[in-house]
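*Asks:* Structure in structure tokens, see below.
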Amino acid sequence: MTTRLIAPSILSADFSRLGEDIEMINQSDADYIHCDVMDGVFVPNISFGIPVIEKVAEIAKKPLDVHLMIVNPDNYISAFQKAGADILTVHYETCPHLHRIVSSIKEAGMKASVCLNPHTPVTVLDDIIGDLDMVLLMSVNPGFGGQSFIKNTYKKVRLLKEMIAAKNQSCLIEVDGGVNFETGLNLYDAGADVLVSGSFIFKADDPIATINHFKTL
Ligand code: DX5
Ligand code: ZN
């Protein structure tokens, strides 16, 4: 049985009234607030950074799920912890010393999560899965909201679920990119525990009802 958690991504929020959008998420059944940090180097886009996370943390009533799409994430672990991150996700593709950074994230008091790009096989995590609180599978190429879901992700979720069943049953599977009710239901059925959804929620007529509906899929 998978848990069915939903993490709205504030990349698709209206940044001129970010506080109102955080309040909207506070009032919903959302489980986490997903915060996408992009550096314009690892990914071809720049979003927001530590000062924005600090302000979000001041008003958020849900744990902050911070997704770092940056090079050298090891330089910023303590800064994101101080800013209010509860879960810190680093990309496998940016971390030659993945075991060290996962240990540092946990020592700083946060949950440790590793993200894989669409082309990176889940088997690269075989020797670290026992240490992880969560794995984030990208179902689009990271950098932008509103892209189309890559269907190969379903296979990756199923295989990762088998690895987790064998090695670390408390590790969650999160999926990010192109998630709507249709891809979301398929992902939960494949074994995903946490869905990230940005444009689908924020473009909806009723974002709170949309968030809440994910929990009933
Ligand atoms: C993309 C980000 C996602 C993004 C998802 O690089 O990591 O979190 O906000 O947006 P949608 O749900 O619109 O694909
Ligand atoms: Zn993300």
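Glycine is treated like the rest: Cβ placed from N, Cα and C.
Predicted automatically and left uncurated, TrEMBL annotations should be read as such.
Keep in mind the model is a prediction, meaning the values are calculated, not measured.
In case it helps, TrEMBL gives these features for our protein:
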- SER9, HIS67, GLY143, PHE144, GLY145, GLY146, ASP176, GLY177, GLY178, GLY198, SER199: substrate binding site (BINDING)
- HIS34, ASP36, HIS67, ASP176: divalent metal cation binding site (BINDING)
- ASP36: active site, proton acceptor (ACT_SITE)
- ASP176: active site, proton donor (ACT_SITE)
*Asks:* Do any residues at least six apart in sequence from SER199 (substrate binding site), in the same chain, have a Cβ closer than 8 Å to its Cβ, and if so which, in order?
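*Replies:* Spatial neighbours, sequence-distant, of SER199 (substrate binding site): SER12, GLY145, GLY146.
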*Asks:* Just give me the nearest neighbour of GLY143 (substrate binding site) among the binding-site residues HIS34, ASP36, HIS67, Cα to Cα.
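*Replies:* Looking at Cα distances from GLY143 (substrate binding site), the smallest one goes to ASP36.
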*Asks:* Fill in the CA-CA distance, GLY178 (substrate binding site) to HIS67 (divalent metal cation binding site), as an integer in Å.
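*Replies:* Each residue's Cα considered, GLY178 (substrate binding site) and HIS67 (divalent metal cation binding site) end up 16 Å apart.
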*Asks:* For the binding-site residues GLY143, ASP176, SER199, which residues place their CB under 6 A from an atom of ligand 2?
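*Replies:* List returned for ligand 2: ASP176.
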*Asks:* Where does GLY178 (substrate binding site) sit by DSSP, helix, strand or coil?
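*Replies:* DSSP call for GLY178 (substrate binding site): coil, neither helix nor strand.
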*Asks:* For the divalent metal cation site given as HIS34, ASP36, HIS67, ASP176, which other residues of the same chain have their Cβ within 8 Å of the site's Cβ centre?
*Replies:* ALA7, SER9, LEU11, CYS35, ASP65, VAL66, THR89, LEU136, VAL196, GLY198
*Asks:* Cβ-Cβ under 8 Å from HIS34 (divalent metal cation binding site), same chain, 6 or more residues apart: which ones?
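*Replies:* Spatial neighbours, sequence-distant, of HIS34 (divalent metal cation binding site): ALA7, PRO8, SER9, ILE10, LEU11, ASP65, HIS67, ASP176, VAL196, GLY198.
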*Asks:* CB neighbours of SER9 (substrate binding site) within 10 A?
*Replies:* 24
*Asks:* For the binding-site residues ASP36, HIS67, GLY143, ASP176, GLY178, which Cβ has the most other Cβ atoms within 10 Å, all shown protein chains included?
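*Replies:* Compared across ASP36, HIS67, GLY143, ASP176, GLY178, the most Cβ atoms within 10 Å surround HIS67.
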